[in-house]
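Working notes for the structure below.
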Amino acid sequence: MARFRNILRNRNFSLLWLAQIISQFGDRLDQMALIALVHRYAPGSTTQMAKIMAFTIVPVFLIGPVAGVYVDRWDRRRTMVVCDILRGILVLLIPLWLMRLSSLWPIYIVVFIVFSLARFYVPAKMSIIPDLVKADDLLLANSLVNTTGMVAAMFGFGLGGILVGMVGAQGGFTIDGASFLISGIMIFFLSTKLIRQAKKEKLIEVGKDIADVIRKSALEEMKDAVNFLKKDPRISSCFGILFFLWAALGAVYVVAIVFVQEAFASVTKELGLLVVALGLGLFVGSLGYGRLGQKTSGMRTIFACILAAGVILSGFVVAVIRLPHLLLAMGLAFVLGLAVSPIMTVTNTMVHQLTDNSMRGKVFSSLEVIMHLGFLASMMIAAPLADRIGSVKILLGVSAFLVIAGIGGLLKFYGQDRRA
């Protein structure tokens, strides 16, 4: 604890740390407000929910690869301040003006811009940490930022759901916009003397880098990934598993939101608390598997978790339909988090072990593209389908799919030695 206290005495780091806690909370509050907004315009519509959520994810493909090139050349403090101030102003436009309009499209555009700015903010935040702390404190600083960020995000969902339930979407966006402005002001007061100045390079050189990054963005990364997958079936198995998992998550995501809203006759309160329970399960499960998972077979663990996730998800749906009790639902959400958490840990570890150092960046970049494509595609398919046949059938269908896949994988890999 003494080392944590010492690093928090570092004025620059403590300002960054507090700012990112406020920003993380604001991000989750923003998502709760968006959910309430869609419910206000189109209650019970999974298609409208999927549309607005798509605008929060697409920037990962379009802006993410390009943003990194700029962040490496700009003053990082200034980048973060500008991103926070712009996000604050844009979010405040929603309750002050855009919610008075009859169409959701202006809000879609603002949401896209806000989440695009986040693609600049996040790498700038992570890149600036070594400039604010001593080399010996870097691991501790990253641990503090990541852990408190996760806690802030989880409680942001819970408290954000309650707040939005009390003050509505309009109040939620107002608080969110203010949180961005407060974060930006705190970052502004970082000492410029400790911040490494960005390299000044000729515009033509930056342009070449940008063009190269664009050329090597989503579609090109997918081509590289396919070529690499052909060389090692174990890597292709990891890619396939994560694509499958994120596709299942995409199918469940917006459908589960509407399902919970209808079951509990609430827009965000119960939803936020369920997300907190799920997040706690993921956190505890990751810690537990990190300690105990070395003795288990990687592939068998993955498919056992997929099987368990299918069973628990179906149990959650049936329990909420027959007995919509919040504590019971939170308990099942926590257990679902426990079941799912080892999958990402195992697959990421296997990719690390099976990939040469020179290829890891490209492989993980390709992996991110493939996961998000699976998520988006299945979300956009499942959402309109749920509007036609109901959210319960979609959720139970995904549960059955997970159970079948889990059993099939266990039968295939049963008795084999751990390859990872």
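Including glycine, each Cβ sits where the backbone N, Cα and C put it.
TrEMBL has this to say about the protein:
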- 235-420: domain 'Major facilitator superfamily (MFS) profile' (DOMAIN)
- 52-71: transmembrane segment (TRANSMEM)
- 104-122: transmembrane segment (TRANSMEM)
- 143-167: transmembrane segment (TRANSMEM)
- 173-192: transmembrane segment (TRANSMEM)
- 238-259: transmembrane segment (TRANSMEM)
- 271-290: transmembrane segment (TRANSMEM)
- 302-321: transmembrane segment (TRANSMEM)
- 327-351: transmembrane segment (TRANSMEM)
- 363-382: transmembrane segment (TRANSMEM)
- 394-414: transmembrane segment (TRANSMEM)
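Stretch with the most C-beta contacts under 8 angstroms to the transmembrane segment (302-321), considering only 143-167, 238-259, 271-290: 238-259. Nonlocal intrachain contacts for the transmembrane segment (394-414), taken as residues 6+ away from its ends with a CB within less than 8 angstroms of a stretch CB, comprise 244, 248, 251-252, 255-256, 259, 297, 299-300, 302-311, 313-314, 317, 382, 385-386. Along the domain 'Major facilitator superfamily (MFS) profile' (235-420), the predicted structure has mean pLDDT 85. Long-range contacts of the transmembrane segment (238-259) within the same chain, counting only residues at least 6 positions beyond its ends with a Cβ under 8 Å from a Cβ of the stretch, are 35, 44-46, 49-50, 53, 225, 229, 271, 302, 306, 313, 317, 320, 340, 343-344, 347, 350-351, 354, 366-367, 370-379, 381-383, 386, 391-392, 394-395, 398, 401-402, 405. Tertiary proximity for the transmembrane segment (271-290) is limited to same-chain residues at least six positions away from its ends with a CB under 8 Å from its CB atoms, namely 32, 35, 150, 153-155, 157-162, 164-165, 257, 260-261, 264, 301, 326, 329-331, 333-342, 345-346.
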